[in-house]
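A.B. asks: Relevant sequence annotations retrieved from TrEMBL are reproduced here:
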TRANSMEM  20-42  transmembrane segment
TRANSMEM  49-68  transmembrane segment
REGION    160-179  region 'Disordered'
BINDING   Glu245, Asp274  UDP-alpha-D-glucose binding site
ACT_SITE  Asp274  active site
BINDING   Lys408, Asp432  Mn(2+) binding site
ACT_SITE  Asp599  active site
TRANSMEM  671-696  transmembrane segment
TRANSMEM  708-727  transmembrane segment
TRANSMEM  812-833  transmembrane segment
TRANSMEM  845-863  transmembrane segment
TRANSMEM  875-895  transmembrane segment
Amino acid sequence: MTVSSSSFPPLCEKISHTSFFLRVVDLTILGLLFSLLLYRILHMRENDNVWLVAFLCESGFTFIWLIITCIKWSPAEDKPYPNRLDESYYGFWKIHRRKERKTSRYTCRRHGEETYQNGATKHDLTPPSVFNILELPPMETSADLPTIQESHELAATALRSAKRRRRRTGPGPSPRLLPGLCSRKKNMAIVSPARHGFPFASSVQPKQSKQRSAISSRGLPILNFRICDLPSVDMFVPTANPVREPPIIVANTVLSLLALNYPANKLACYVSDDGCSPLTYFSLKETSKFAKIWVPFCKKYNVRVRAPFRYFLNPLVAAYDSEFRKDWKMTKREYEKLRRKVEDSTGDSFLLDGDDELETFSNAKPNNHSTIVKVVWENKGGVGDEKEVPHLVYISREKRPDYVHHYKSGAMNFLLRVSGLMTNAPYMLNVDCDMYANEADVVRQAMCVFLQKSKSPDRCAFVQFPQEFYDSNSDELAVVQSYLGRGVAGIQGPLYCGSGCFHTRRVMYGLSPDNLENNGDLSSSATIEFLDEDSLARKFGSSKELVISIVEALQGKSNPKTSLTDFIEAAQMVGHCHYEHQTNWGKTLGCLYDSVAEDMNTSIGIHLRGWSSSYICPDPPAFLGSTPSVGFEAIVQQRRWGTGAIEVLFNKQSPLRGMFSSKIRFRQRLAYLWVLMCLRSIPELFYCLLPAYCLLRNTALYPKGPCLAITVTIVAMHCLYTLWQFTNNGFSVRSWYVSQSLWRILATCGWLFSIHDILLKLLGISNVGFVVAKKTTPKTMPISGYEPIQRQDDGPNSCYVHKFEFDNSCHFVPGTFIMLVNMAALASNFVGLQRSSCHHEGGRSGLAENCACILVILLFLPFLKGLFAKGKYGIPLSTLSKAALLAMIFVVFAVGY
């Protein structure tokens, strides 16, 4: 469903962010790194073995910078135009002819206002029919209305017919008034329909939702017909632990999705609860009740921030009219009731005992329970009215202690199967339970890409939005996405990041671009391969209802209107532990297994089949989430991400296999090799210790004389370059420093243990676990100067830099060890306790080594503060004792070796 004629403006376009200046800077730093490596090779024999270790570390840094340079070479992003869904594809045109003039004049109507030429009145004009121009019968019912493709063909035919008529009979119906072009005429205007819901032909304001007949009062068919229907979208929200992921956060995420600017009868929200918690189900029941108030309120007043806990941060402004003030107070009062009810049920589980629907959870345990599927709310007979609330379904797959459940990827595949049975939407949105929709038009933005590229050679498998956060220091991630994210988007498309991503159902069912014809239909070979009855049961499982829905999805057919409750039994069947046994789920279908980083694993599997992806970076951000507190939770999350990324290197989707495959571009494979960033923890650790080691041994680490300028230039250029990246994205110098410090700490304290986990897995000693990051409800203050309706939500600039938190975990031993070693080296150099003799020609340690130790201490400053702080902000005595013992061994080894 894409534009069939160049006369229509595009729904999206790719914007290039290529900068030759940045290319020069990247290449200059890369050239300096190679120069440093060459210098070390030439002078290797003249120096201590430290130079060999430094050479290996710097070789790793050079390789990573080479990959980064290749990724950032041609940055780009897709810019959608969701308003054109209204103007070009959902517009209505009413053509009027003036009887008194020989030359026919036509006009359009917009927002209930009519424009006429030469003072013509409404009674002077007779509306002819586009069907008369095309010589087609009038369409009286919505079932006769054309699809997007058919509407484009009709418009193109009308354009050719009008041109022929003008050549034969002189001026007639102006082709400039056809879809996509009439907005360019000053005396014309497009009829823009209601933004939220179906467009309807009417002569009143576009907010009217009553559909009128396509036949005028005079019996003449008029050009008031619906061009097409927007595709349906299923929205997935996975959660696993009501303690680490509070139900009130899940409720706000669900509310933000239910209130999106999209026809309610085209949306369905599925919440997967891997913890099988009655608290989560109870909160969803209460959320569905409040949604009947929240959704109409958001659409009536065009509220931008659709998560209540963020919207109600600001007080009510007195300037608004009485009706809005009344609705605002009532809505906030109902939300406070919801919040208190959910939080009270979380603290006192006995409050749930009176609910009969919760008996299903009576004997359920998080790791031992049957499949539960409950329709919390069903939008029966919906037509897309603004007061409607989309479907809301709660699911929890069966879990048994003796079965492998594949963590989040297994839950996502269960969501894929259940949604296929109930609604079978062609597109799916996946968001984490703590990441709410911050942009109400996010679905429309994604649909612009899918509708534009659905029949182009560069077919899009998924649309990824950047992950941004509102409650912690995530500036480094924002900068990485700004440059590396756009860089990958300029190759074959961004990586799937696990949240904020729109998927195509047919792609998740295993289709490749080679299986599709130019018009988007299945090819003959694909029909035989995918639609064979035995093949379907072998690949997708034994559920006949699921197989039928999969066949309809593969063929591009829409799901018939049926009751969701009719499929509860079938949905429970596809959630059994043994359902995926001897099928292709997790192997070639759905989210792929064999890695706790299911997003990266699935992403490379899609790109290996030849698909592309799109990257949209809107302002304001499409999604905003919460991050763990700076400390143990953040390090554990980075450890899991690092472990999963390294796992990808050793499975079937490894980017190291088939580097020159024709279906995935070479630079795209290099982008996936960026996961080697996790392996840099070892050279990072050694490089933080080398300056201290050289000070203690009184040997040189860096070149002497004029060649020292190479090292100084690299450090200076990198600091200035990254500082410019931060300031260019609106961040402060302090934010840049904190991010650089956290980056070093996470590398040496988090990713280092990822390598440990992988080694244990490869040796068969233990498997990699999945730890759910703890989410906390934000404690932000109201932002003065903003208004509740139009206020701009908090972006990365407003995040708070929390104090670093410590505990008895072994994750803090490396950082404390690095801090103590560098402090000891500086102290020994200050009092002159380092070795007095030098056995090599490379020279003694000097100012460069001292400056390097000071730089390391500045980067690990939270650990220095932790030495003197108390409570959770202080380093525990057990951690300090372990690090001190290691530091003593290191000092003795360096001085006495």
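Cβ coordinates are placed from backbone N, Cα and C, and glycine is handled just like the others.
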A.B. asks: Can you work out whether the transmembrane segment (845-863) touches the transmembrane segment (671-696), with the criterion being 3+ CB pairs under 8 Å where the paired residues are 6 or more apart along the chain?
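C.D. replies: Answer yes: the transmembrane segment (845-863) meets the transmembrane segment (671-696) with 3 or more Cβ pairs below 8 Å.
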A.B. asks: Return only the integer: C-alpha distance in Å from Lys408 (Mn(2+) binding site) to Asp274 (UDP-alpha-D-glucose binding site).
C.D. replies: 8
A.B. asks: With every protein chain in view, what's the tally of Cβ atoms within 10 Å of the Cβ of Lys408 (Mn(2+) binding site), excluding that atom itself?
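C.D. replies: Around Lys408 (Mn(2+) binding site), other Cβ atoms within 10 Å: 22.
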A.B. asks: Do you know offhand how many angstrom separate Asp432 (Mn(2+) binding site) and Asp599 (active site) by C-alpha?
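C.D. replies: Just about 12 Å between their Cα atoms.
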A.B. asks: Per the definition of 3+ C-beta pairs under 8 A with sequence separation of 6 or more, do the transmembrane segment (708-727) and the transmembrane segment (20-42) touch?
C.D. replies: yes
A.B. asks: Using Cβ atoms and a strict cutoff of less than 8 Å, what residues sit near the transmembrane segment (49-68) while being 6 or more residues removed from its termini?
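C.D. replies: Same-chain contacts beyond the flanks: 26, 29-30, 33-34, 36-37, 40-41, 43, 484, 670-671, 673-674, 676-677, 679-680, 683-684, 686-687, 690, 693-694, 697, 699, 701, 842.
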A.B. asks: Asp274 (UDP-alpha-D-glucose binding site) has how many other Cβ neighbours within 10 Å of its own Cβ?
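C.D. replies: Result for Asp274 (UDP-alpha-D-glucose binding site): 24 other Cβ atoms within 10 Å.
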A.B. asks: Measuring Cα to Cα, how many angstrom lie between Asp599 (active site) and Asp274 (UDP-alpha-D-glucose binding site)?
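C.D. replies: Checking the Cα atoms of Asp599 (active site) and Asp274 (UDP-alpha-D-glucose binding site) gives a distance of 18 Å.
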A.B. asks: With every protein chain in view, what's the tally of Cβ atoms within 10 Å of the Cβ of Asp599 (active site), excluding that atom itself?
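C.D. replies: Excluding its own Cβ, the number within 10 Å is 24.
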